[in-house]
Amino acid sequence: MKTKTYNFRYIVASVLTLLMNGSSAATPPNSNSSSSCNRTFGGISIPFPFGIGGKDCYLNSWYEVVCNSTTSGSCKTVPFLTRINREVVNISLPKSDFFSPYGVVHIKGPVTSLGCSSNISQGLQKTLPDLNITGRGSPYFLTDENRLVAVGCGTKALMTDIESEILGCESSCKDTKSNEVGNSLCNGYKCCQARLPVERPQAVGVNIESNNDTRGEGCKAAFLTSMKYFPSNITKPEWFQADGYAVVELGWYFDTSDSRFRNPLGCTNLTRSSGSYFLTDICLCRYGYFSRMSYRSCYCGSGYRGNPYIRGGCIDIDECEVPNKCGEDTCVNMAGRYSCVPKITKPAKLAHVLRGVLIGLLGLLFFVIGIFGLYKFIRKRRRIIRSMKFFKRNGGLLLKQQLTTKDGSVEMSKIFSSRELEKATDNFSIDRVLGQGGQGTVYKRMLVDGSIVAVKRSKVVDEDKMEEFINEIVLLSQINHRNIVKLLGCCLETEVPILVYEYIPNGDLFKRLHDEYDDYMMTWEVRLRIAVEIAGALSYMHSAASFPIFHRDIKTTNILLDEKYRAKISDFGTSRSVATDQTHLTTLVAGTFGYMDPEYFLSSQYTHKSDVYSFGVVLVELITGEKPMSRVRSEEGIGLATYFLEAMKENRAVDIIDIRIKDESKQVMAVAKLARRCLNRKGNKRPNMREVSIKLERIRSSPKDLDVHTENEEEEEEDQLMEINRIYDS
C-alpha cells in the first residue's frame, strides 16, 4: 500500500512539474543577464535560473530568491526561496558528469527536539516548520546525500510524509568501546542515521519517540541533514537544538526538452551514449531519468566554466593561469583546452618565422597558379564553345560527313583546328601576309610538320550558300594535278572559313609580266610552257575531273609560279562544279573585267567556253606583255582583247608583240591565231580547252611546221569588234 501511494503521488508531481516547466520554457531567457539582476548577496552566489529582482532575473517563481523580512530589509545574510520559505545556504549548477545530473541548493531545515527545554511539559519542539517541496512545477527533490539523524541517548527518530508514513532510526545508550564518541561515526551510540527511501517524499516531518531504556531520559534531537554538513563527532543534542537548523540538500532541475528554450542556449543535446562530446562542445544539455523523475539539465563542457543556462554563459578556462602548468614548456591556452609547446630558442624562432614566411609564399604561389589555371580553363572552354559554334555554322558537320563517305578523300584533305592555324600565322599577323584579294587575305606559314603552306582567310561568307561551299571544298580536295594548286584542307572553327593551300614561292604571273623585274626568266619558251601547262590544267578541270569544274576567274594574278617557274592555277573562290549533263551555270555575274566573257556578261550563263575566253586574254598578255586594262586604252574605250583583235585584223600583230620575244615571231603568231579563236564573240565557235591544249602542245613541239597565214575573217572580226566595243563602251 505504501508503494502504491508513493507511485501515485510521484506521477502527479512529475506531470505537474512538466506542465509548469513547459510553460516557463516557452520564452527563452534572453534578459537574465541584465545588469539590474543581483547575482550575489550575503556572500552567496545566485546563478540563473535563480534570481533576485524583476521577473526577467529568474526562470519562474520556484527559482525566485528574496530577503527575509525579519531582517529589516537586509539581503546580505538571509536569502530565501519564496515558494518553499527556506533560507538559502548555497546554490550550485549541475556538474559536467553523469553522476551529478542535477543542480544542488542547500537550505536550512528544521531541528526537532525533546526534553531540551527547562519546561519539559512543552513536549516536542521544532525550530522551523516541516519541509514541503511539493507543488505544481516544483523542480526540487531530496537527494541521496541526505540522512535522517537522531542524536541523544535512546532517541527514536521517525521521518514522516504528509500521510505519516514512517521511516526512522534509534540511538543506543550502551557505552561500548565500539560505540565510542570519538570514533567520528554516527553508528548507533547516542547517534543514529537512516537513508531515505528510493522513492523520496516531497514533504517530510521528523518526530521523536522515547524508548524503554531508562537511561534514555534527557535532551534528544532529530533532523534531516546533508551528510556533507553533519559533524558526526558531535553527539550532544543541545548543540543542534541551540543552532536551530540543519542543512538539507535539495536537487533541482528543469525541463529543456522544448526547442524554444534549448535552441537559444546553443547547447548540444546529449544522451548517455554520447561519445567524446567534452572535447569539442562548449555547452551541453542531456536527458536523464532519476528516481522516477525525467529531467534535462545543462552544463558547461570540459575546459569551460560558467552558467550554461544563459547564452554565452560558458566561458573558456585559461588553464595557463595555473603556475608551472607545463613545467619548462610554454603553456598555450586554446578554446576548451590548452597545449604545452616546447620553448623556442632564437635560432629556432628565426627558422620558425622563415618557415612561416615560406609557407605563406608557397600558399600565395599556389593561389596565383590556381587562379591562372582557372582563367586558362575558362578561356579554353569559351574558345572551344565558340569554335564548335563556328564549326557547325560553317558546315563542319556536313564536311565531315562528306569526307567520310567519299573513297580516299579523307586522306587527301584535312580539317585544321583554329588553334593550329592561329599558332602557325602568329594569330594572323600582318607580317605573315602574302597578298590580299577580293576574296580574302593569304598568309605564309610553316605547320608543325615543317611544311610551308599558304593560308587563305576569307573576308565574307554567305551562310545561305554554305552547303554549296562545303561541296566545292570536297570537290577541290579531290583534284590532283601538277599545274593546279593543291587544296590541303580547311578550318571551319573561325568566324569565316579558312582554306589551306600548298605554298608557291615565285608569286603570280601578272607581276612577272608587268612589274619592272630584271627577269630574264620570262623568255618566250617559258611563256609558251606556262600557256601549255595552264591549258592542260583547264582541260583537266573541264573534262577529266570527277565533275566538270568551271574556274570563272582565269587571269594572270591567279596563275602562280613555283621555284622552277612551273605554272599552277590558284584561287578557286568563285569556281563552280556542274553535273556531267549540264552545259552551263546561271549565276550572278562574277569575275574580273578585261578577262570576262562578253557573252556571259550579257546572258549570266557561264559555260566552259567562258573559261576559254579568259584563257585567250591570258595568251594575249603573254604575247604582248600588256595589261588587260590600261589607262590609255580605257580612255579610248577598248580593252586588251579589242586592241589585239584590231591589230590582227589590220595585219599589224607583229607591232604589238612584246619586244622581249620578237625573235620568236613565228611561234608567237601561231599562238596569236589561237588566241583570236579563243576570243570569238560567239562561245560555240570557240575551241574547247582540250583542243586549245592540243594546239599549244603542237606549236611548242613542232615550231618549224607552223602555218601562220591569217585567214580571211574580216567580216566576222568586224562584227566581233563592234560587239565587244559596244559592251565595254557601255
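From the backbone N, Cα and C atoms, a Cβ is placed for every residue, glycine too.
Considering Asn233, Asn427, the record held by Swiss-Prot lists Asn233, annotated as N-linked glycosylation site. According to Swiss-Prot, Cys326 forms a disulfide bond with Cys340, chosen from Cys298, Cys300, Cys340. In the disulfide annotation of Swiss-Prot, Cys320 is paired with Cys331 out of the candidates Cys300, Cys331. Note on Swiss-Prot: of 283-340, 457-514, 515-572, the range annotated with the feature region 'Atypical EGF-like' is 283-340. Checking Asn21, Asn90 against Swiss-Prot for the annotation N-linked glycosylation site singles out Asn90. For Asn90 (N-linked glycosylation site), the number of other Cβ atoms no farther than 10 Å from its own Cβ, over all displayed protein chains, is 14. With respect to their backbone Cα atoms, Asp553 (active site, proton acceptor) and Asn132 (N-linked glycosylation site) stand 120 Å from each other.
Under DSSP, residues within the region 'Atypical EGF-like' (283-340) fall into helix, strand and coil as 3 helix, 31 strand, 24 coil. Using Cα positions, the member of the glycosylation sites Asn38, Asn68, Asn90, Asn132 nearest to Asn233 (N-linked glycosylation site) is identified as Asn90.
Looking at Asn68 (N-linked glycosylation site) and Asn132 (N-linked glycosylation site), their Cα atoms lie 18 Å from each other.
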